[in-house]
Amino acid sequence: MPRKWTGCKTRWPGWAKQAMPLVLATQAPGEPEIFASVQGEGPSAGSPCTFVRLSRCNLACVWCDTAYTWHFAGDDRPHRSGETFARKANQLTLDEADVAARIAGLGQDRLIVTGGEPLLQASALSRMLERLACLLPNLTVEVETNGTTTAPPALDARIDQYNVSPKLAHSGNDPAAAILPDRMAAYAAEPRAFFKFVCASPADVDEAAALVRRFGIPPARVFLMPEGTASETLRAREEWLVPLCLEHGFRLSDRLHIHLFGDTRGT
């Protein structure tokens with residue numbers, strides 16, 4: 001459905017309430033991961049944008065390249081690196097007005113809200129986007145999500161595009177927690193939602209294709225993306241992903257930021 005709210009209300013009632021904090025990831029101690037770059041993945045790849053990375057996630061992918069958003073000391077969920085992160089150094093809490101001002105200051109007309117799982121902070125995110133609409137009235141908003149939760153109406157009205165990345169078996173998550181039929185069906189029926197499946201082997205493509213058939217997802221809204229944090233790995237996997245995209249009618253997503261900047265924060 002189209003966005004239901006696009007304007008700016010300078011006397012928005014919610015603003016009079018107590019500030020609502022957002023928990024962000026950091027790109028350096030005390031510095032929130034809010035930065036301008038080009039989108040590296042999915043349907044908007046190559047587009048100039050601002051990224052804001054929120055902390056916290058309800059899933060735990062063993063190959064996650066942003067484990068500093070959730071794999072904190074004391075968390076016994078597995079990650080292939082074996083590394084855990086100090087929460088104090090990797091999380092920063094800011095109120096929604098501060099976050100909106102930082103995003104607006106970068107001057108881009110496209111925002112990518114990523115994580116972690118951003119929809120875990122739906123209320124605060126909605127409040128922040130209310131403020132941001134007055135500062136950047138022509139802003140396009142994309143939200144990246146693992147597809148296990150949906151946005152409440154107030155937030156959904158402010159989102160132009162969902163980049164949904166359901167987690168396949170090789171992620172190490174319990175399928176019962178990672179693939180929720182009602183949420184998958186809701187996103188499949190949502191024309192603003194694009195699906196991005198991370199693939200490390202042809203078997204992952206088979207699993208993705210089965211989900212596409214099960215939920216009736218239009219193939220033109222499906223991307224296959226190689227798993228990996230090095231250009232060599234991505235290129236090797238793209239060689240066998242291309243013919244599988246042709247076979248199924250799916251689209252290929254590269255990871256431009258890895259080729260341009262490597263596996264680094266704030267890029």
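Each Cβ is built from the backbone N, Cα and C atoms, and glycine gets one as well.
TrEMBL: automatically predicted annotations, no manual curation.
Quick look at what TrEMBL lists:
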type	residues	note
BINDING	V38, Q39, G40, R53, T114	substrate binding site
DOMAIN	44-263	domain 'Radical SAM core'
BINDING	C57, C61, C64	[4Fe-4S] cluster binding site
BINDING	W63, C64, D65, G116, S165, P166, K167	S-adenosyl-L-methionine binding site
BINDING	T66	Mg(2+) binding site
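Shown in sequence order, L59, A60, T66, A67, T69, W70, H71, H79, N146, K167, S171 are the same-chain residues outside C57, C61, C64 whose Cβ sits within 8 Å of the Cβ centre of the [4Fe-4S] cluster site. Scoring each of the binding-site residues (V38, C57) by how many neighbouring Cβ atoms lie within 10 Å, the top position goes to C57. Summarising the environment of K167 (S-adenosyl-L-methionine binding site), the number of other Cβ atoms within 10 Å of its Cβ, over all protein chains shown, is 22. Counted over all residue pairs in W63, C64, D65, G116, S165, P166, K167, the record's binders of S-adenosyl-L-methionine, the longest Cα to Cα distance measures 16 angstrom. A sphere of 10 angstroms centred on the C-beta of P166 (S-adenosyl-L-methionine binding site) encloses 26 other C-beta atoms. In this structure, the C-alpha atom of T114 (substrate binding site) lies 11 angstrom from that of S165 (S-adenosyl-L-methionine binding site). In the three-state DSSP scheme, G116 (S-adenosyl-L-methionine binding site) falls into the coil class.
Residue density at G116 (S-adenosyl-L-methionine binding site): 28 other Cβ atoms are found within 10 A of its Cβ, drawing on all protein chains shown.
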